[in-house]
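Trainee: Starting off with a structure, shown below.
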Amino acid sequence: MPAAANSQWSPTSWRTKPIKQAVDYPDPTALNSVLTNLRSLPPIVTPTEIQTLRNALRDVAQGSAFLLQGGDCAELFSYCEAGPIDAKIKLLLQMSLVLIWGANKPVVRIARMAGQYAKPRSSPTETLPDGTTAPSFRGDILNGYEVHERALDPNRLRDAYMHSAATMNYVRAQLASGIADLHSPMDWGLGHVRDPDLQVKYGRIVDSIRDSLRFMRTIGADTAGQLKTVDLFSSHEGLVLEYEEALVRRLRKPAGFPSRRRPSRVRMTANGLVDDLDDDEAFGYYSTSAHFLWIGDRTRQLNGGHVEFFRGLENPIGIKVGPTMENSELVELLDIVNPKKEIGKVTLITRYGAGKVEDKLGAHIDAVKASGHIVVWQCDPMHGNTHSTSTGVKTRSFAAIFKELASALRIHKLHDSYLGGMHLELTGEAVTECVGGSEGLEEEDLSLNYTTYCDPRLNEKQALELAFLVAEHYRAEDDNDVAI
């Protein structure tokens, strides 16, 4: 086992390690004031919710569920409005409905939302159209997109907490109010999707669900309460460790959490709570900023601050795996962050690019299998397929995105493995940022509604179309199994 996995951990031990994408605030006193405030604020998410996700990801890792994760590349504070939040919720629900229909398995839904405010950048500065140089936009949690807002501002850390909390509050309220009720799936609407074929395909699935629900009512088996809501978890890249550290809480693990309990001494505290004096196994360190955090491909150094921070969390975590990852490095990284080899604790988010997935994925699968780790394998077909047009506009090809995803599905099957999910940058709006898809967007169409502040996203139609392509892959696979 790597020495790092055996060394003492605390929420601050990452500060003893080298760190990539560091944030150098000019006023440490102002930063400390904000961090002190954040440490006193209530959690945004709870251990019970986190454990529910861990249980669900264990199912995904073992092949009995599918993981859908999606949302904005760089979430802005201004997205904290009812309309944009509803659009993303409905799109993820629509896509998960299609995937359930295709894969015949439960779908675990994680949104890149309520905290995805930071973005790693390849350079701390950028050249503006007028030839001048300015600090790069690093996400609303650190600075603003407008040139006059590019100075690092620690108060934005507090703003990030407030917008995350408000977003999660609204998401919980909408889910509790029946936005996900399967009794009326067409209420989710298809928004900006006007393609007749997609409308017909989605309508066919809805009709099938309605027929099933009608039959369940007839025989008295309609468990209505279970059909009116779903779990929707939050996630973001754990990039700004000062912020993440301030929101770590040592909390009691939920009832039923498997632990090696020892006989312990208890006492009554001043506020009437039972204090467990001996049993450290009953408590854990939780990141309460989101249910799920991931380490980016730029910050996964074995001896780096991000890996050190992540290895002590009870939360399920993700690791982006790019084409430069060596097999031995991947296994050592898993040993550090998951030394007990807990099933589904780690999600490996592969992002090679359509031209490199064939060369890299199979070897990574074999190395992980040989190590004894059982992970969630998730395909991110977005980040490895970004390119710029002749005019310098960043875009992605829908064909390349689907090619990488289809290749991942096939390679996992060849290696007796299971692709557990997909990780997409998407929006519920009718943007024109990725070329291709059934609507035939071309480079000259990008200017019609190109609104991203970072990387290009799939629009609602493209995202739903991708869900149908994956669902049809699984249905065709099932048909072949039956034929055999």
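Glycine is treated like the rest: Cβ placed from N, Cα and C.
According to TrEMBL, the protein has these features:
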{"type": "BINDING", "residues": "Cys73, His383, Glu425, Asp455", "note": "Mn(2+) binding site"}
{"type": "BINDING", "residues": "Arg112, Lys320, Arg351", "note": "phosphoenolpyruvate binding site"}
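Context for these features, please: burial, neighbours, distances.
Mentor: Taking the Cβ of Glu425 (Mn(2+) binding site) as reference, residues of its chain lying under 8 Å away and at least six apart in sequence are, in sequence order, Gly70, Gly71, Asp72, Cys73, Arg112, Met382, Asp455, Pro456, Arg457, Leu458.
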Trainee: Among all chains shown, work out which of the binding-site residues Arg112, Lys320, Arg351, His383 has the most CB atoms within 10 A of its CB.
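Mentor: Checking each of Arg112, Lys320, Arg351, His383, the winner is Arg112.
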Trainee: Using a 10 Å radius around its CB, how many other CB atoms surround Asp455 (Mn(2+) binding site)?
Mentor: 18
Trainee: Could you name the residues, excluding Cys73, His383, Glu425, Asp455, of the same chain that surround the Mn(2+) site, i.e. Cβ within 8 Å of the Cβ centre of those residues, in sequence order?
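Mentor: Here the nearby residues are Met382, Thr386, Arg396, Cys454, Pro456, Arg457.
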Trainee: Determine the Cβ neighbour count for Cys73 (Mn(2+) binding site): the number of other Cβ atoms within 10 Å of its Cβ.
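Mentor: Step by step: centre on the Cβ of Cys73 (Mn(2+) binding site), count other Cβ atoms within 10 Å, giving 20.
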